[in-house]
Amino acid sequence: MAVRPGLWPALLGIVLTAWLRGSGAQQSATVANPVPGANPDLLPHFLVEPEDVYIVKNKPVLLVCKAVPATQIFFKCNGEWVRQVDHVIERSTDGSSGLPTMEVRINVSRQQVEKVFGLEEYWCQCVAWSSSGTTKSQKAYIRIAYLRKNFEQEPLAKEVSLEQGIVLPCRPPEGIPPAEVEWLRNEDLVDPSLDPNVYITREHSLVVRQARLADTANYTCVAKNIVARRRSASAAVIVYVNGGWSTWTEWSVCSASCGRGWQKRSRSCTNPAPLNGGAFCEGQNVQKTACATLCPVDGSWSPWSKWSACGLDCTHWRSRECSDPAPRNGGEECRGADLDTRNCTSDLCLHTSSGPEDVALYIGLVAVAVCLILLLLVLVLIYCRKKEGLDSDVADSSILTSGFQPVSIKPSKADNPHLLTIQPDLSTTTTTYQGSLCPRQDGPSPKFQLSNGHLLSPLGSGRHTLHHSSPTSEAEDFVSRLSTQNYFRSLPRGTSNMAYGTFNFLGGRLMIPNTGISLLIPPDAIPRGKIYEIYLTLHKPEDVRLPLAGCQTLLSPIVSCGPPGVLLTRPVILAMDHCGEPSPDSWSLRLKKQSCEGSWEDVLHLGEESPSHLYYCQLEAGACYVFTEQLGRFALVGEALSVAATKRLRLLLFAPVACTSLEYNIRVYCLHDTHDALKEVVQLEKQLGGQLIQEPRVLHFKDSYHNLRLSIHDVPSSLWKSKLLVSYQEIPFYHIWNGTQQYLHCTFTLERVNASTSDLACKVWVWQVEGDGQSFNINFNITKDTRFAEMLALESEGGVPALVGPSAFKIPFLIRQKIITSLDPPCSRGADWRTLAQKLHLDSHLSFFASKPSPTAMILNLWEARHFPNGNLGQLAAAVAGLGQPDAGLFTVSEAEC
């Protein structure tokens, strides 16, 4: 039955209405509605479905649908069918299946979309028919695209410091579709993938993690979509740099070559220099301070001494010293010889020709001498046999302890039976002994000689004077050797920083008064038959170039003992102060020694010693004791391992003793906490006419790279006026930490309002930035107050620089030998040198003591070095006596039991 063409739209409308009621018109996805009983495989299948589109300006958009198999396809927009005349239809046949294919297109204009009001959006959907049923496509939404002109938030100009973060916010204009945002830096696109220092947040803000100088620019936020591209106002970002001070230059040379003057130092605002409007550095770029340059004093000879007695070689001599005055502060040395000899004649002078009478006289004298020697030999043998058991094991330790008697550094008295003294003289070689001493030995010695005799030869109980038996030529050679050897001639005799003396196998001690520096020469350290003139010298840091690497610092004075190259059979002990706070976690300490070529070498790393080392150092809180068999120039150097490494500084305040002007200077010294540094400043202030006005304090200075600051406060303005231009003064960290600069100080100049003002009350603060500090409360009368002068008087007391023989030791020689003989052999019951070391708290390096022929001698030598002259012999005696059983029978233990 044929249907008229005019009826097709009506029939199609009826069918579509019924279908939409059954399936719903708001489905957005493809929906199939098969006819009951039909083949579902022949339902329409969409090859192309309509998609969401935007209308740009007034251009219509095209929607396309394509389905197979399909007999009809119609569009429905917002629930209404699109007129058939608005469809553009193309029919074809699928080449693979032979099924009919249909493609339909429609145009949607801006006016059609704008007719929809409210919240509903304009949408379109395709419906396709086949003999098996219908299928609906997904919905396609048609929106009008736009982008408003005004940004909701624009970036603002900023000024930021270097390495500070930057955030530039941007909220783009409203638009459909939503606008994409990008940033321009001076019209160049910012790409976060190429610059990890920047990124763009989800809210479109531009973030610079750390501002750089290159980030100074104009920044623009750009928003764009398919409709338009909008630019925000440009925001100027300026990255500025605040100025920073460079390090201070070294202090200039004092303006006065001799006496008081000024010196200055400067710094510049270039670390870094201010840029882009950054702040300039605060503070002064120039500092001035008062200085005092010591005037050089040329040396001058003292008067000649009297001529010595005419010697056997028909010569006598006289001497003089370069001490009237001694050269100092760079003055010239005396020129000429210090020793003068000339021929002489006297009864003692030997003549070349002798008559027969002289020959007979000489033969008689020789015969008498031989008889006396034989008689003396017999007496010695008898005496030693009676005393044969003297060196056997002592049955009672009271014999040991009773022998401990205090030894004074004053001349020996005649009532001490254990004291053996030697007083060498360059003109004669006479040695005086007092007492009865007999050591253990295989056989009695036939005679005693200064050059090769035994220390404890059997002598009577009386007083004996023994003359050296060497020929006259040897004595003459000895005198000439002392006057001509280079090291002896170069010694600065008479100075306060040196000690020297003549020593033999008996040993002795050299001390530089008020410095804490001494050299202990134990018995038998000098080979028997040798006589050495040994010196001990304290050097000023500016006179000796000690190279320091990295964070190294000088902790001790630089000390020389010599002459170098002399043969020693036992280690000597060099004692000197140090200013470090010992801590193995904070310091790496090294003992340095200058080689013959002048270079400095690390001869010992403290904490890494081994018994094979030639050197050993006993380090204590304020002093170190160096064992060495090679004399030379030494210094203790430390390298900080952490900021906890600390040096002790001693702070001293000096002011003039007499003040004749209105100005009054307070000098604050910052020294190493060592006796030698204190001595140097005291001597300097005595020359400047200064006095100590406060008790010294100790400040702990850390390796934190922070400077030391000094300031004065609470100065009564009605009486005094401070002339300090800044709030505080600074001593640079490296000037202190290096340790090689002397006389580090700052001067505070006050001016009296009235010449009659004499009372001064103020406060002086000294502190390390972010570290330790000290405060001085000054309250005294500048014309009458001398209460602190006694401290300097005590510090300036001198001592005997050289002690020779047993007078240099606290422990009597015989008792010392008994201790060594008894404690050197190992003992299973603990009565040996190891236990003694523990009792004396010297057991940190037992391996070093064990490597020596006599460990006990090393321990006693160290005890002597640590405790002279004020050591408590009673405590040592108690330690020795306590080694045995409770009955104090230490030496009753036989060798078989050990």
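Just so you know, glycine gets a Cβ as well, placed from its N, Cα and C.
Annotated disulfide bond per Swiss-Prot: C65-C126, C77-C124, C170-C221, C254-C291, C258-C295, C269-C281, C310-C344, C314-C349, C322-C334, in sequence order. Per Swiss-Prot, domain 'Ig-like' is recorded for 44-141. Annotated domain 'Ig-like C2-type' per Swiss-Prot: 155-234, in sequence order. According to Swiss-Prot, the feature domain 'TSP type-1 1' maps to 242-296. The domain 'TSP type-1 2' feature in Swiss-Prot is assigned to 298-350; the stated evidence is sequence analysis. Under the heading domain 'ZU5', Swiss-Prot lists 497-640. Residues annotated as domain 'Death' in Swiss-Prot: 817-897. The N-linked glycosylation site annotation in Swiss-Prot covers N107, N218, N343. If you look up Swiss-Prot, you'll see W245, W248, W251, W301, W304 marked as C-linked glycosylation site, on the strength of experimental evidence. Here Swiss-Prot flags 1-25 as signal peptide. Per Swiss-Prot, topological domain 'Extracellular' is recorded for 26-361, and the stated evidence type is sequence analysis. According to Swiss-Prot, the feature transmembrane segment maps to 362-382, an assignment based on sequence analysis.
Feature map: Swiss-Prot annotations on the structure.
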{"residue": "N107", "record": "N-linked glycosylation site", "Cβ within 10 Å": "13"}
{"residue": "C124", "record": "disulfide bond", "Cβ within 10 Å": "23"}
{"residue": "C126", "record": "disulfide bond", "Cβ within 10 Å": "29"}
{"residue": "N218", "record": "N-linked glycosylation site", "Cβ within 10 Å": "15"}
{"residue": "W245", "record": "C-linked glycosylation site", "Cβ within 10 Å": "15"}
{"residue": "C291", "record": "disulfide bond", "Cβ within 10 Å": "20"}
{"residue": "C295", "record": "disulfide bond", "Cβ within 10 Å": "14"}
{"residue": "W304", "record": "C-linked glycosylation site", "Cβ within 10 Å": "11"}
{"residue": "C310", "record": "disulfide bond", "Cβ within 10 Å": "16"}
{"residue": "C314", "record": "disulfide bond", "Cβ within 10 Å": "17"}
When the Cα of C77 (disulfide bond) is compared with the Cα of each of the recorded positions N218, C221, C258, W304, C314, which one is closest?
C221
Going by C-alpha distance, which of the recorded positions W248, C310, C334, N343 is nearest to N218 (N-linked glycosylation site)?
W248
Say you check the Cα of C65 (disulfide bond) against those of the recorded positions W251, C258, C281; which is nearest?
C281
Intrachain C-beta neighbours of C344 (disulfide bond), sequence separation six or more, cut-off 8 angstroms
W307, C310, G311, C314, T315, H316
Integer Cα-Cα distance in angstrom, C295 (disulfide bond) to C254 (disulfide bond)
12
At the Cα level, what's the spacing in Å between W245 (C-linked glycosylation site) and N107 (N-linked glycosylation site), rounded?
75
Checking the recorded positions C124, C269, W301, which are within 10 Å of C334 (disulfide bond) at the Cα level?
W301
Take the C-alpha atoms of C291 (disulfide bond) and C269 (disulfide bond) and report the distance between them in angstrom, rounded.
26
Proximal residue to C126 (disulfide bond) among recorded positions W251, C254, C258, W304, N343 (C-alpha distance)
W251
Within 10 angstroms of the C-beta of C322 (disulfide bond), what count of other C-beta atoms is obtained when all protein chains are considered?
22
W251 (C-linked glycosylation site) and C258 (disulfide bond), Cα-Cα, nearest whole angstrom:
17
Inter-residue Cα distance where the pair is N343 (N-linked glycosylation site) and W251 (C-linked glycosylation site), in Å
58
When secondary structure is assigned with DSSP, how many helix, strand and coil residues does the domain 'ZU5' (497-640) contain?
3 helix, 72 strand, 69 coil
